[in-house]
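J.: Sharing a structure here in structure tokens format.
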Amino acid sequence: MPQYRSRTTTHGRNMAGARGLWRATGMKDGDFGKPIIAVVNSFTQFVPGHVHLKDLGQLVAREIEAAGGVAKEFNTIAVDDGIAMGHDGMLYSLPSRELIADSVEYMVNAHCADAMVCISNCDKITPGMLMAAMRLNIPAVFVSGGPMEAGKTVVKGATRALDLVDAMVVAADESYTDEEVQAVERSACPTCGSCSGMFTANSMNCLTEALGLSLPGNGSVLATHADREKLFREAGHLIVDLARRWYEQDDVSATPRGIATHAAFENAMSLDIAMGGSTNTVLHLLAAAQEAGVDFTMADIDRLSRRVPCLCKVAPAKSDVHMEDVHRAGGIMAILGELERAGLLDASRPTVHAPTLKDALERWDIGRTSSEEVRTFFRAAPGGVPTQVAFSQSARWDSVDEDRQKGVIRSTEHPFSHDGGLAVLFGNLAPEGCIVKTAGVDESILTFRGTARVYESQDAAVSGILGGQVVAGDVVVIRYEGPKGGPGMQEMLYPTSYLKSKGLGKLCALVTDGRFSGGTSGLSIGHVSPEAAEGGLIALVETGDPVLIDIPNRIISIALPDEVLAARRTAMEAKGEAAWKPAERQRKVSPALRAYAAMTTNAARGAVRDVSQVERKR
């Protein structure tokens, strides 16, 4: 039987000093012996997805204490990828995931907390906390800040829904006036919450539902809606119950590793493929699986991508559909329900809120539930009022969207495509694999033959695209932007947005050892592994080389003889210290980023740190 960890600091004569310090935080005699629950918040005024979280930690804390626990709140950092985009700030985004995971580990282990509620929301915060939960393996419940409402404005005489990506695209499109660009800018992000499409933040919050670590609705109910408050309150009660089940009943199904098994990771990836989630989720699921000791690899993702259809298309893949529309269609539980009916889900896995995922679906899937309360929950609608206040409105749609033939969520009999929304490609350009969000690729370019136009940084590629260097038929290759080469594996949202604004979105491809924002669409292939900085073939590509991208057959290759590529490799290695480095790029890299680069693995392994790489150099 496991022992409450907190008793290390609260029991015994020799812990008088520690108890004295606990008392200084407000604990009383009756609190010693209760489970100490860490409330891991991520409030910051820098990020719209987190700006409303300030008081929500204490909301959860009050519920924990009402349920018989002791709550102690602390905060992590949170980077806004949209604000960090397009400049050297993006170098810090992915490495911040590791810092978040470490900071949670440090705080929880230093103070011997028994369990935790993770209040996350945006791109690297949910993954960082997820990695920490798997690493620590103490009871944990995730509750996110929720998606923002989609923006709306009149552009060129028509009312349209908007998000962050629209602001980027129209700003680079010279057919829009300054006034029209400003109208889009002012309307694109109207409320608090994570950006309104199926971008990385919302994708990850949805995946916590499939993993079994969050409550139904966590990925889809709006940040502004009063219904979201119930998730925070319930999380506080639930975590105390989970702690008691683990420490008093030795119930492994109350722990993250007991819940997030290999089958649960497959469920999460199947959901991601079905909903056309962000390609970044591949990195984060691989990383979390490693922390959990689960052997989940690119081979598993490739296998799943070949059998799971695309059942949902959300912005950026479908610009008029946002998370509020997914929620109206039954949210993540509805997508999981469709997968389960088709035999594409292991519903026997436990969750934090139900004995099994099957039990959860019986109540929460609108295709099978008889609960009017559940149906009312999924009618939660946007309020249409700009605000930074959580739970500030209670609007309802008149009905839920149950159309599984032409609605937002489709059945497996009526999918958007029989191939899923994500695919893994292999070939001489990416022997260890690379990722493409097929849900965002036009059918006309699923097979693409073009010529390489090579850039050794995102900045150079942006200049080339805006300067007219890139033409129809080009494959824009951006290299030395991987985890080691960047370092930090920048997102390439600006290059893909500018290709769209130049009318090249369906006429060009983009291939990189970097990654893409969840807001990216088009023939955008990232995570090329091995990356240029570790000797990957992408470092040997030259402008003018023929490139084949064949998504149906999962192939990406440089169509050159092996002897030509071998000669280039020999020439590269002859450069000595200058080998596998960008020849013309000037970039200041801080000691913090150099430390990350020294330890990180490539994208095929989740870009996690591997300390043995440093240890081997001693």
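Backbone N, Cα and C atoms are what each Cβ position is placed from, and that goes for glycine too.
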J.: Looking at the Mg(2+) binding annotation from Swiss-Prot, with Asp81, Asp123, Lys124 already listed, which candidate in Glu481, Glu491, Glu531 is the matching residue?
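T.: Given Asp81, Asp123, Lys124 bind Mg(2+) in Swiss-Prot, the matching entry from Glu481, Glu491, Glu531 is Glu491.
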J.: Taking only the Cα atoms, work out how far Asp123 (Mg(2+) binding site) lies from Cys195 ([2Fe-2S] cluster binding site), in Å, as a whole number.
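T.: Computed Cα spacing between Asp123 (Mg(2+) binding site) and Cys195 ([2Fe-2S] cluster binding site) is 10 Å.
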J.: Using C-alpha atoms only, work out the spacing between Cys195 ([2Fe-2S] cluster binding site) and Ser517 (active site, proton acceptor) and round it to an integer in Å.
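T.: Roughly 11 Å, rounded to the nearest whole number.
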J.: Cβ within 8 Å of the Mg(2+) site's Cβ centroid: which residues qualify beyond Asp81, Asp123, Lys124, Glu491?
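T.: These residues sit around the Mg(2+) site: Val79, Ala84, Met90, Ser93, Leu94, Cys122, Thr200, Ala201, Asn280, Ser517.
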J.: Whole-number Å distance between the CA of Ser517 (active site, proton acceptor) and the CA of Glu491 (Mg(2+) binding site)?
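T.: With distance taken Cα to Cα, Glu491 (Mg(2+) binding site) is 5 Å from Ser517 (active site, proton acceptor).
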J.: Between Cys122 ([2Fe-2S] cluster binding site) and Asp81 (Mg(2+) binding site), how many Å separate their Cα atoms?
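T.: Roughly 8 Å, rounded to the nearest whole number.
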J.: If you count, for each of the binding-site residues Cys122, Cys195, the other Cβ atoms lying within 10 Å of its Cβ, which residue has the minimum?
T.: Cys122
J.: Do any residues at least six apart in sequence from Lys124 (Mg(2+) binding site), in the same chain, have a Cβ closer than 8 Å to its Cβ, and if so which, in order?
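T.: When sequence neighbours closer than 6 are ignored, Lys124 (Mg(2+) binding site) has Ala78, Val79, Asp81, Ser93, Leu94, Ser96, Arg97, Ile100 within Cβ distance under 8 Å.
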J.: Helix, strand or coil at Asp81 (Mg(2+) binding site), per DSSP?
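T.: Its secondary structure by DSSP: helix.
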J.: Based on Cβ atoms within 10 Å, give me the single least packed residue among the binding-site residues Asp81, Asp123.
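T.: With the binding-site residues Asp81, Asp123, fewest surrounding Cβ atoms within 10 Å: Asp81.
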